[in-house]
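Record features, source TrEMBL:
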- Asp399: active site, 4-aspartylphosphate intermediate (ACT_SITE)
- Asp399, Lys400, Thr401, Glu495, Phe536, Lys559, Arg592, Thr672, Gly673, Asp674, Arg771, Lys777, Asn800, Asp801: ATP binding site (BINDING)
- 1093-1103: compositional bias 'Basic and acidic residues' (COMPBIAS)
- 13-90: domain 'P-type ATPase N-terminal' (DOMAIN)
- 119-182: domain 'P-type ATPase A' (DOMAIN)
- 823-1077: domain 'P-type ATPase C-terminal' (DOMAIN)
- 64-81: transmembrane segment (TRANSMEM)
- 87-106: transmembrane segment (TRANSMEM)
- 284-308: transmembrane segment (TRANSMEM)
- 328-353: transmembrane segment (TRANSMEM)
- 854-875: transmembrane segment (TRANSMEM)
- 887-907: transmembrane segment (TRANSMEM)
- 937-958: transmembrane segment (TRANSMEM)
- 1048-1071: transmembrane segment (TRANSMEM)
Amino acid sequence: MYYFSDVNWKVKANDRPYHQQPQFKKKVFLCIKKSRYSGNAIKTYKYNVLTFIPLNLYEQFKRAANLYFLALLILQIIPQITTLPWYTTLIPLVVVLGITAIKDLVDDLARHRMDKEINNRKCEVLLNGSFQDSRWRQIQVGDVVRLKKNDFIPADLLLLSSSNPNSLCYVETAELDGETNLKFKMGLRVTDEMLQEERQLADFDALIDCEEPNNRLDKFLGMMQWNGERYPLELDNMLLRGCKVRNTDVCHGLVIFAGGDTKIMKNSGKTRFKRTKIDELMNYMVYTIFAVLILVAAGLGIGHTFWYEQIGSKAWYLYDGLNYNATYRGFLSFWGYIIVLNTMVPISLYVSVEVIRLGQSKFINWDLQMYFAEKDTPAKARTTTLNEQLGQIQYIFSDKTGTLTQNIMEFKKCTIAGQGKSPENVCCCFQPVDWSWNQYADQKFQFMDHLLVANVKSKKDKDAMEFFKLLSLCHTVMVDNKDGDLVYQAASPDEGALVTAARNFGFVFLSRTQDTITIMEMGQEKTYEMLALLDFNSDRKRMSIILKFPDGRIRLYCKGADTVIYERLSTNTQHQQTTQEALDIFANDTLRTLCLCYKDISANEYEAWSRKHKEAQLVMGDREAALDSVYEEVEKDLMLIGATAIEDKLQDGVPETIATLAKADIKIWVLTGDKKETAENIGYSCSLLTDDMTVHYGEDVNEKLRIRQTTRRRQPPTNFRRARQTPEEPFFTETGKNALIITGGWLVSPFFTLIDFVDMACECEAVICCRVTPKQKANVVSLVKKYKKAVTLSIGDGANDVNMIKTADIGVGISGQEGMQAVMSSDYAFAQFRYLERLLLVHGRWSYIRMCKFLRFFFFKNFSFTLVHFWYSFFNGYSSQTAYEDWFITLYNLAYSSLPVLLVGLLDQDVNDRLSLKFPKLYIPGQQGLLFNYKNFFISLFHGIFVSLIIFFIPYGAFLQTMGQDGEAPSDYQSFAVVTASSLIFTVSLQISLDTSYWTFVNCFAVLGSIAIYFGFMFDIHSAGIHVIFPSVFTFTGAASNALRQPYLWLTILLTVGISLLPVICIQFLYKTIWPSVGDKVRKKYELQMEEKKKKKEPEPFQRGRRSRRSAYAFSHSQGYAGLISSGQSIRRRPTCIHHSAAFRDGAELFVWRN
């Protein structure tokens, strides 16, 4: 039975011309063809010398904002419609494009260097009958290569042989999946026996049929045809590029995939781009601004048409020599105002946002309170685009094992043949078992049941002997002998704990080969022939091994979850009921359980099954399904031996973290593969479930779902859509908190719709989904995202959490005991679950507040700046004349107003980190999106309209029929432009000062520095010297010095700024006194608490005959919010009690959060 529908990849060993045949070529362009087999040279860079400028510009102009300003620049070149010099748009555009291009160039140069270094690495390739040194880039598919210890693997290789027994090869996969623990690969027996010598390898001419190149790191299917025989190939036979050879002196491999076809390169493609809600809202607002710009320009263009018909055409002194009619002039005026008002669409917005996000990411990386000293692991923001989304999380989906718990497994209890064995069965001395009788024992293993140990040592308890023999044989653990000490390398902590327990009880796993397992049974060394290994996966939830005993017996050992084991037990098995009762007790103690069983197989039965197994191993279509079907045939009629119970303790701070997040109105769902009872008890121990909650189980709420379905079916079809649009009755009508506990099987029930499940689950404060697969975890997350439009966060630590992490809006990886795959797929990573509290309530909340404040002010300052042209148009015949000098328009967003608002976006905080954690309710405004939405946008718009109105009309009124003290009239256009521009700079700078909640020296310097830069640049631009050099570019000669020497105009500026800011000051006062925000209330409460503490700390001294007096000054200046925002104690404190790695310490000392 062979299927080749998905197998199109053929590799011939030691035959390069074979892969150049016409049938292996593909068309690349027109009639040009090339080999479908990639060379081994890799290319991760994007640009070269010739393509950098055109390709980078092409990529940047795919952004709508950049393309808009390019079109604007083109319009400014057209003489008939230009109203501003071309440099007013070109300079900001070049600065923005240049900054981005430099960043891209630096990144690409690093990729060039890395590619060159990798492509020029050396290895030995078999050419012309002998091994020769060759560069990686010269390797081709079908080559045989020789690797030595600590060599990197240059391509995806089929392992042929190695210097280790049975062609075992140990590899480190850190570059592939981030895991540092060693994994073993194994060559086929036939290649191990026949391909050890150089001559044998040179004569090797096998043909490999396998799957085409893909990105599946966990799967490989293929078949080797050699000497008339077929041999199945799987992932365990492959050495993947990116790994490093360890603990193996020499190994040989055949190149199957090279260069861009390797699995690591197939995985280097772009991941799904995540965008924040603020990103989406910001884009819609930019579109709104663009629409407003079109409407305003159209209105002003129409205004010019009517003005020219009624006034312009009749005023002889306005004749410009162009015989255009009024309509055409109005059309030109429309495009002129598109140019004049272009600053309504902010060109520097996106660059500023990226700078702020980069800064927020650095603050997360530098936060010492999220640094785990035990493993020298700092927090890591692996993305810079999602920081403000951390302040809007509504649902957290968490794995249990390794995320809420430590994933450090300890064998605690077991039940053997219906008899419980646990620490409760201890002798009166309460001393742990002394393992001195066992030279191989792990002395760190503690067990208290002396009776069980005595039974095993006596060899009288056959069930106990069989129990621990199974644990020592049924596993995939590898062993390494280091200085006489056995070191186990396990695929999971559970398996390592079970093999260690068997080791201490006298059943010591010593070694394994492809076909044998050797153990020490109570002092006697025995070797068992391994006939088949039926490995574990998340669907099977069990693993089995078929062994041939030294006496010729064939036995299958199996261990797995109770749900799958009990379905496959023989009707003759004993102790089912007592074992189930023990399992329930273990689950109530929050222990992880596994059932152990066996089955004796006759030789004839095994031979028949073995033939089917070999056929399934050669299936190329869906080998996993074929193998699962064959496994099912033998894994039945099992005899139960007992069950194990392993303890996985909670991480530090988990209950407190969950309780705090719940107060912040964040709902937490735990998605785990454990038993329902285990998950429920963990839920109580970590404060996810509380005593005041009513817990509902999947079976209990089926009736509620059926009633909802029946009610909906009875609704008339015309009213169904309207009924879905209106809120339905809640599922839980009783008062109080609710929690839901369901199983993975219940999730696929056909008796309810998914939206009903989501509605019901979202009414609960906590949800626990147990017995769920990795795919179901991701499905649950996507359901909440789809039906609730909620911001979701997934957190996990293992490879089984990767789908869930990638599906959520924010993915967080825990660098725990299960490798680094979750971390490498995540957006943020740290070492302990408790750091999630600080990530969300401090960094996330601050990032959200800062970004919202930045965007509100950014839109305001641009509206205030641009709309002055709109008011000016009513007095210049709608002729597209600007109200400011050209260079002021050019530098306003680049130099005069950018730094203060940028620093607010980086450093501002309404309350410090301690208060953010103490009052979780402060987080709720972010979830509700209250700080930045269309309402805030239009407030910024109307605020900008009001300020622009004041900035234009007060100077306009002041300039009407005025006379300076020297007898000169300062009411010229250039002086007016200077006064309006100066008023705008003062207003904008003071407005950001009013909006700043947290003052540091840097903020103060930025505000004062921006004003100083404005005046410095203005006086230089208006100087006679620069006018002499560039007379056509700098035309405001002496305007600033002439205007600003008039006290009358300084009074005008002062009046304009005062009237612009007065309403804002009044509104802020009213809000803080009458409608205070949550933050205002917290600060007030904090100040009152500080006052009370001062009173308690300073008792009133008793003085006879006098009334006690206290200084009102001391009260009014107690340490409170004012002290927090003015102290600036946010940076630079050297840690004194924690030692860190040098690399981390150098960065961390730059920014340390205050306690």
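Glycine is treated like the rest: Cβ placed from N, Cα and C.
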(message) Taking the Cβ of each of the binding-site residues and counting other Cβ atoms inside 10 Å, which one has the highest number: Arg592, Arg771?
(response) Arg592
(request) Have a look at the binding-site residues (Thr401, Asn800) and report the one with the fewest Cβ neighbours inside 10 Å. (result) Asn800
(message) If I restrict to non-local contacts, at least six residues apart, and a C-beta distance under 8 angstroms, what lies near the residue listed as 'active site, 4-aspartylphosphate intermediate' in its own chain?
(response) Val670, Leu671, Thr672, Lys777, Ile795, Gly796, Asp797, Gly798, Asn800, Asp801, Met804
(message) Among the binding-site residues Phe536, Gly673, which residue has the fewest other Cβ atoms within 10 Å of its own Cβ?
(response) Phe536
(message) Could you give me three numbers for the domain 'P-type ATPase A' (119-182), the DSSP helix, strand and coil residue counts?
(response) 11 helix, 31 strand, 22 coil
(message) Among residues Asp399, Lys400, Thr401, Glu495, Phe536, Lys559, Arg592, Thr672, Gly673, Asp674, Arg771, Lys777, Asn800, Asp801 annotated as binding ATP, what is the maximum Cα-Cα distance? Answer in Å.
(response) 24
(message) Averaging the per-residue pLDDT over the domain 'P-type ATPase N-terminal' (13-90), what integer do you get?
(response) 83
(request) Could you put numbers on the helix, strand and coil content of the domain 'P-type ATPase N-terminal' (13-90), residue by residue per DSSP? (result) 35 helix, 9 strand, 34 coil
